[in-house]
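According to TrEMBL, the features are:
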- 1-12: compositional bias 'Polar residues' (COMPBIAS)
- 54-119: domain 'BTB' (DOMAIN)
- 1-29: region 'Disordered' (REGION)
- 243-270: region 'Disordered' (REGION)
């Protein structure tokens, strides 16, 4: 047995299958650093101001007004971006059916991110405007924000829509002011636009007994002019009635403790 072992000692011993040849497939162990995330190039405000000037022709006839804005800022609106694409050089855009003040508010928002009157931080209050009464009897303060809201809808600027909608809820108005505001909204928004329509219907449904005495003729006229308004209000009145009846059945004897609707000058279409 010893001699057999000696004979085998002279033979070549093959490499163990687990041995590694450092020269083979050396590149497989190379660690590749992950590619850095691409950071979008920051657009400076100066670049906006360096863009061409676009003329905006607002209104018609004697009421026509000429406003100007930088094209790069206007292009934040999908509508204006599409129109500006057709410009060879500086151009103009006609807006015969738009409200001048609403367009002014839109431009102020493009340049500053806000429009007057601004919302006070952390409050449901707008900054003071000495040029308007504290209570909106005509509805003009509500209409200002409503016109900006509908303009932002046309121009595709959702953040401005949200801002205008939030400011509507900060306006204290009377029944007549609310009627004028509701008339505009139901004439200029889509039937499925619950952002502004639903609060109006809820406002009148919860305060109708009080506010109708202040503007009953106007309320009736609005219902005839926009039947959807009357239907929306009636639906909410009936829904509330059913809710109260259900509550009374579940908790008999507590109905007398229900909180009565607050009587106010308006408080906005909250």
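Using N, Cα and C of the backbone, Cβ positions are placed for all residues, glycine too.
Please treat TrEMBL annotations as automatic predictions, because they have not gone through curation.
For the domain 'BTB' (54-119), residue counts in helix, strand and coil come to 27 helix, 16 strand, 23 coil, using DSSP. Mean pLDDT of the predicted structure over the domain 'BTB' (54-119): 94.
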